[in-house]
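Heads up, the thing below is written out as structure tokens.
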Amino acid sequence: MKLLDLLDEAVPGVGTYEDFNTIDWVREKSKDRDRHREITSKSKLSTWALLQSVSDAFSGWLLMLLVGLSSGALAGLIDITAHWMTDLKEGVCLSGFWFNHEHCCWTSNETTFQERDRCPEWKSWAELMVGTPEGASAYIINYLLYVCWALLFSLLAVFLVRAFAPYACGSGIPEIKTILSGFIIRGYLGKWTLLIKTITLVLAVSSGLSLGKEGPMVHVSCCCANILCHLFTKYRKNEAKRREVLSAAAAVGVSVAFGAPIGGVLFSLEEVSYYFPLKTLWRSFFAALVGAFTLRSINPFGNSPLFIRTNIAWCRRRKTTRLGRFPVVEVLLVTLATAVLAFPNEYTRMSGSELISELFNDCSLLDSSKLCDYAERDPAINGSESGNELPDRPAGSGLYTALWQLVLALIFKVVITIFTFGIKVPSGLFIPSMAVGAIAGRLLGVGMEQLAYYHPEWSMLKGWCTPGADCITPGLYAMVGATACLGGVTRMTVSLVVIMFELTGGLEYIVPLMAATMTSKWVADALGREGIYEAHIRLNGYPFLEAKEEYAHQTLAMDVMRPRRSDPALAVLTQDDMTVGQVEELVAATEYSGYPVVVSHDSLRLVGFVLRRDLLIFIENARKHQEGVVSASLVLFGDHPPPQPANGPPPVKLRSILDLCPFTVTDHTPMEIVVDIFRKMGLRQSLVTHNGRLLGIITKKDILKHMAQMANRDPDSILFN
């Protein structure tokens with residue numbers, strides 16, 4: 001028996017959902033099962049039907065291929081363009097203005113290994129204007145143009161977002177998580193959002209703001225998937241099936257952002273997906289692999305709780321004060337502060353990915369970085385060098401300078417990222433968080449390295465620090481620090497370790513990375529259970545039922561259901577004795593998303609449940625296309641309608657839009673079980689009965705409000721159903 005007595009496709013709009021509402025997962029899965037059952041039965045009747053069945057089965061893999069190709073191509077375009085525009089703030093390539101600094105110097109015969117970024121083809125703005133790269137005037141010109149370019153890029157980004165696609169701002173991951181849980185946000189994954197997000201992501205990253213492109217790449221990939229879903233009927237017309245594709249697209253986004261297809265799949269499974277069947281796992285891996293391969297083909301040379309509370313406090317202030325009314329001014333002020341403070345320090349002036357690469361670097365004898373400026377070893381202190389190993393050495397003057405710059409960069413990055421994440425431009429959090437952790441890790445690593453050099457006799461170093469050997473690796477400390485910081489902010493665990501492994505290629509670093517990830521999660525959970533994305537979901541009032549949050553209260557369904565004792569009676573429709581006019585009056589007087597259908601007001605024996613949107617669309621269609629339908633026409637939900645008067649208006653039969661198997665619980669069901677049912681089945685509402693008699697209704701919004709109230713939070717912060 002079908003769960004839903006499905007209606008013809010002749011009435012457009014029936015079976016769809018209004019904006020800012022939650023889908024009915026049970027209904028959508030039932031529709032897909034019925035569709036698949038029909039295709040399977042027809043495939044036995046003719047060769048053409050069999051081919052259609054094979055095409056239907058293959059369409060999911062074809063869609064994954066298209067998602068991977070499109071996401072990889074866009075990621076390559078974003079990478080190349082952002083790298084070029086970032087370098088444009090400092091100078092231009094005379095042999096071709098479209099070359100970035102690195103590419104410009106590749107073909108030069110005058111580039112040395114120690115000064116591989118210096119070549120006559122690349123000119124700073126000061127060299128073009130005053131003819132010299134050195135001196136006070138050259139520094140001031142470069143400084144001013146750096147700030148001007150940054151302001152121009154950020155102004156263009158915020159203007160495009162405000163004018164054409166307001167949903168293109170932010171990282172997108174909190175909204176993607178909410179959409180994957182079944183929430184509808186029209187336009188969030190549309191073509192305009194994709195176009196503007198791609199353009200403004202390049203502008204925002206190039207402006208030098210403390211943000212990354214990795215989180216927004218998940219949004220970009222999901223936009224690609226949503227648009228491509230319209231090419232395939234089974235994904236276009238079924239919201240649950242579309243969310244399977246979006247889960248795979250989230251994996252592709254991380255894959256093309258980090259070049260980590262396995263980590264991308266685990267990220268989607270662990271962090272963002274709400275419903276993740278086994279076939280989605282296979283298809284996610286396939287799509288992530290295609291995306292990573294496409295990116296590598298296009299761009300083969302591509303390279304904590306305190307924070308959460310402070311960022312959320314600032315974002316709440318932004319929403320509740322006049323500051324939120326002037327997003328353009330806020331973006332320009334943050335950009336101005338970032339550019340002015342970042343330029344004097346080379347570690348804040350470089351892009352986030354370049355900074356992380358520099359901090360992860362293990363120093364070699366030919367390295368010209370200041371972080372590798374070590375003095376000659378004193379054999380009297382720590383033995384002599386042996387073999388080809390590069391042993392621990394005393395810090396040189398360049399390294400001491402770099403350490404002070406890194407301390408200032410750490411303070412700057414922490415503070416500026418708090419104000420940057422959430423402004424009205426595309427802004428990811430992965431790279432800034434990793435940069436903060438990598439800086440702290442490198443500082444600690446160098447400190448430990450110097451302790452091992454000057455005090456090898458200390459008990460904590462004795463036994464595993466052999467004199468004359470490479471005992472401490474500061475680059476590894478930077479990796480561990482980056483992993484710990486990102487894990488503390490996002491609460492990622494397994495997926496983070498795999499991403500870092502794929503990013504660095506160091507199998508020997510797996511154990512310290514795992515230890516850092518788990519430690520950061522335990523510490524972060526002790527200070528606050530929410531990650532940054534969950535905190536932003538709650539801040540925006542989205543109806544997201546977090547699977548990780550435990551329900552520990554001893555309440556019953558009757559304590560949460562509506563109507564309460566002081567509320568008006570429950571709004572219901574009767575099976576066969578209400579007119580069109582009465583139904584329209586009831587719908588106009590209430591704002592509910594659906595109505596229980598009962599046998600009569602006296603018995604309140606449940607018949608089914610009908611959605612408000614379907615009801616209005618069907619009645620409007622009947623008035624337009626069914627002759628004689630007026631306000632006095634009866635509305636019939638039953639299989640066997642009562643006899644009609646011969647001269648009366650024709651009735652409107654709505655059995656086809658009635659959900660005959662709405663989910664119900666009794667009034668004494670513990671709320672712990674109700675919450676678990678809502679999570680696992682993706683329900684949007686459940687009816688409450690007592691001895692078969694309808695008492696009330698519980699929606700996802702009611703549950704979230706109740707949970708907020710029990711946790712001493714504002715229940716009115718839940719804005720949507």
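From the backbone N, Cα and C atoms, a Cβ is placed for every residue, glycine too.
According to TrEMBL, the protein has these features:
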- 561-627: domain 'CBS' (DOMAIN)
- 657-715: domain 'CBS' (DOMAIN)
- 58-78: transmembrane segment (TRANSMEM)
- 143-168: transmembrane segment (TRANSMEM)
- 189-211: transmembrane segment (TRANSMEM)
- 217-233: transmembrane segment (TRANSMEM)
- 245-269: transmembrane segment (TRANSMEM)
- 281-302: transmembrane segment (TRANSMEM)
- 323-343: transmembrane segment (TRANSMEM)
- 402-423: transmembrane segment (TRANSMEM)
- 435-455: transmembrane segment (TRANSMEM)
- 475-501: transmembrane segment (TRANSMEM)
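Sequence-distant residue pairs (6 or more apart) of the transmembrane segment (245-269) and the transmembrane segment (143-168) include fewer than 3 whose Cβ atoms are under 8 Å, leaving the two stretches without contact.
Under the criterion of 3 or more C-beta pairs below 8 Å, with sequence separation of 6 or more, the transmembrane segment (323-343) and the transmembrane segment (435-455) do not qualify as touching, having fewer than 3 such pairs. Mapped onto DSSP helix, strand and coil, the domain 'CBS' (561-627) counts 24 helix, 17 strand, 26 coil.
Residue counts for the domain 'CBS' (657-715) under DSSP (helix as H, G, I; strand as E, B; rest coil) come to 24 helix, 18 strand, 17 coil. Looking at 189-211, 217-233, 281-302, the range that has the most CB pairs within less than 8 A of the transmembrane segment (58-78) turns out to be 281-302.
In the predicted model, residues of the domain 'CBS' (561-627) average a pLDDT of 89.
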